[in-house]
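Written out below as structure tokens is the structure these notes cover.
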Amino acid sequence: MADVNHVVLVGRLTRDAELKYTSAGGALCRFSVAINRRRKSGDDWVEEVNFFDIVLWGRQGEVISQYLIKGKQVAVEGELRQSRWEQEGQSRSKVEISATNVQLLGSVLGGAARAEDGEFSSSRVAAESTAGRVRGTSSDSRSPTGDILGEKRGLDATSSLDEADFSSSDLDTVPF
């Protein structure tokens, strides 16, 4: 049987994403996710929090980094990677998750942030971005507007929420 290195996590961002560039010009997005775990200890429930460092390379990381805001719920898919280095004569190592896909599942306040098909993923964002602008997002907002609003308000991919007509619509149908 072949070895398997596959990780899937759902948690909340502990801080805003950090976007850096390598000397060769490659984008590197770093962020951390907290995952709560409840377990029974005798008659009581004990909550434990685990923290995981995540990296997302390339165009996907570059584009989605602006939406990775502290408190947002995300799903991360990737693999474990171990970095090793020497520091002051001591061998050091760190295990982090190298993400292949990141999906925004909810806002800081718990509402869903969705795009066309109900998901807002890093691979979809990278494919749909043109000239630094992400389809289905407002130019002045860090949250996706999505086609849920766009279809009902007459918005297209280059519109912002400021251009929408909210006067005669039932806003209770918006899922966030």
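Glycine is treated like the rest: Cβ placed from N, Cα and C.
Positions annotated as domain 'SSB' by Swiss-Prot, on the basis of sequence analysis: 4-106. Summarising the annotation, Swiss-Prot assigns region 'Disordered' to 118-176. What Swiss-Prot records for 157-176 is compositional bias 'Polar residues'.
Taken together, the residues in the domain 'SSB' (4-106) have a mean pLDDT of 95 on the 0 to 100 scale. Secondary structure of the domain 'SSB' (4-106), assigned with DSSP and counted as helix (H, G, I), strand (E, B) and coil, comes to 10 helix, 72 strand, 21 coil.
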